[in-house]
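Chemist: Sharing a structure below in structure tokens format, with a few things to ask.
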Amino acid sequence: MEYDGRRPYSVLTRNEITVKMKKQINEISDIFFISNSDATVLLMYLRWDSLRVSERLGENKEKLLMDSGLKSVMIDPSPDSSSEISLETDVYEFDGDNDLISMPFCSHKFDSKYWREYLEKNFYYVEKIQTTISCPDQDCRSAVGPDTIEKLTVRDQEMYERYIWRSYIEGNKVLMIKQCPARNCDYVIEFHQENDDDDEYSLNVVCICGHIFCWRCRLESHRPVSCNKASDWLCSATMKISDESFSLYPTKTKTVTCPHCLCSLESDTKMPQFLTCVCRLRFCSRCLRSEEAHKIEAVDSGFCIKTEVGILCEDRWNVCQKLLEQAKSDLEAFEETNIKKPSDLLREQDIMIIREGLMLIVQCRRVLKWCCVYDYFHTEYENSKEYLRYLQGNAIATLQSYSNTLQEQKDIVLAAATYEECTFFRHTIPTATSNIGNYFYDFMKTLQDGLVDVKVKSYNGGTGPFWYCDRCTYANTWEDNECEMCYDDSASLVGEISDLFLNKVS
């Protein structure tokens, strides 16, 4: 079991869950002198609530056994009662009594083939777990326990064990446990109920396999987006956004979005020029192609063609997803090279510093990916959208700068011949990692709080004859979709002249 006292959950293996389950079964069996098979049925019937099982057995044992199907029932002795069993629309006929398997609480008999078909169709392969398994006869409520399953094939017994395990995980009323949703992962997360209301830690769960998921909805970690919005985004039928209101709006300052990392760069002129982003991509400000691709295009056509297709939410999502996968690959490559095969020149402290930095980049990339969803849902005010993209652009640029610094220092440390060459690294990177972590924490809090910095109370009232611009507080009529003062060319010119005058005076 992997447990950290600072975290409100534990990571358990499949074997540890099985041990806890069998211990619970044995306790009920020993205290109330019933078989392990009956104890298993009772716990499944009452959703693994040992306290409730104990109370019911102490109050009225016979009634509980009758309600759960663990009491013998009288069977109609008609000749057709065991010769033909109808299950919904299926009809199965038995030729004889050879190799028929019965249950201890009724006289219905079925062969192993029918048992397999019945269990797989109604219990093993259904999405919703059932509390208990009952007799295949529609009119019989006798419970099917492990003592009956033991008479079936080994394959059927293994399927039944997995079914009980699923019942313990998905139908448990007492323990807060969920299986890690990552593919091919058998780890189980047990959440400690005393810390359930702690929002600071209860949202994201980190499994030993490396997968990070939301405890509430079991989707991948989607901070700072809520569970409902994350589900709406992922369950969208086409994931294509055609409305122009969801695309990136041009601002009054000439800005260009990097096609690789989505950073916003300012352009000093309307003429095409080559810009160098913090991600080290050099591209044309007009066609948004890399310098090499731009030169090839210019040679073929004689000039570059302006890219008219805007960067939509889906485009931003895909770009951020690729960057996230690249960050994960960098982390896995470092762990494979330096942790599993440590070098004599690297201290354990140095390895952990680099690993923490790479892990932080993965987490920040995941946050930036889910921030793209905000642009999809946040359509209320244009200035709010501009401020949102401004925050996203700063976060992207800050993370890219940190990533470049970490990569440079990592290369220096890995190539260092003496420990003294790592002195600067040991002081710089931990501080930078802490700063980036704090920066993204504040960034997520800003988004989760609803971007209150760009909203004004006058917007929410809606009763006066004017609405006030949240940038310059100018009173606009409700017929105006944009602020007359902010988007007036003459007003912009006056502002520029005023700035020039102030600069000369100073």
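A Cβ is built for glycine as well, from the same backbone N, Cα and C atoms used for every other residue.
Predicted, not measured: the structure shown is a model, and the values here were computed from it.
So Swiss-Prot lists the following for this protein:
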- C106, H108, C135, C140: Zn(2+) 1 binding site (BINDING)
- C180, C185, C207, C209: Zn(2+) 2 binding site (BINDING)
- C214, C217, H222, C227: Zn(2+) 3 binding site (BINDING)
- C258, C261, C277, C279: Zn(2+) 4 binding site (BINDING)
- C284, C287, H294, C304: Zn(2+) 5 binding site (BINDING)
- 79-308: region 'TRIAD supradomain' (REGION)
- 83-140: zinc finger (ZN_FING)
- 158-227: zinc finger (ZN_FING)
- 258-287: zinc finger (ZN_FING)
- 462-492: zinc finger (ZN_FING)
Chemist: Per DSSP, what is the helix/strand/coil residue tally across the zinc finger (158-227)?
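Modeler: Across the zinc finger (158-227), DSSP assigns the residues as follows: 21 helix, 15 strand, 34 coil.
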Chemist: Specify the nearest of the binding-site residues C214, C217, H222, C287 to C140 (Zn(2+) 1 binding site), where nearness means the distance between Cα atoms.
Modeler: C217
Chemist: C277 (Zn(2+) 4 binding site) to C284 (Zn(2+) 5 binding site): how many Å between their Cα atoms?
Modeler: 11
Chemist: Counting only other Cβ atoms and using a 10 Å cut-off, which of the binding-site residues C140, C209, C214 scores lowest?
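Modeler: Sparsest of the binding-site residues C140, C209, C214 by Cβ contacts within 10 Å: C209.
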Chemist: Residues with Cβ closer than 8 Å to the Cβ of C180 (Zn(2+) 2 binding site), same chain and 6+ apart in sequence?
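Modeler: Listed in sequence order, they are D186, Y187, V188, I189, C207, C209, H211, F213.
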Chemist: Given a 10 Å Cβ-Cβ cut-off, pick out the one of the binding-site residues C135, C185 that has the most other Cβ atoms nearby.
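Modeler: Answer returned by the neighbour count: C135.
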Chemist: What kind of secondary structure is C135 (Zn(2+) 1 binding site) part of, going by DSSP in three states?
Modeler: coil
Chemist: If you draw a 10 Å sphere on the Cβ of C258 (Zn(2+) 4 binding site), how many other Cβ atoms land inside?
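Modeler: Summing over all protein chains shown, C258 (Zn(2+) 4 binding site) has 23 other Cβ atoms within 10 Å.
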Chemist: C227 (Zn(2+) 3 binding site) to C185 (Zn(2+) 2 binding site): how many Å between their Cα atoms?
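Modeler: C185 (Zn(2+) 2 binding site) has its Cα 23 Å from the Cα of C227 (Zn(2+) 3 binding site).
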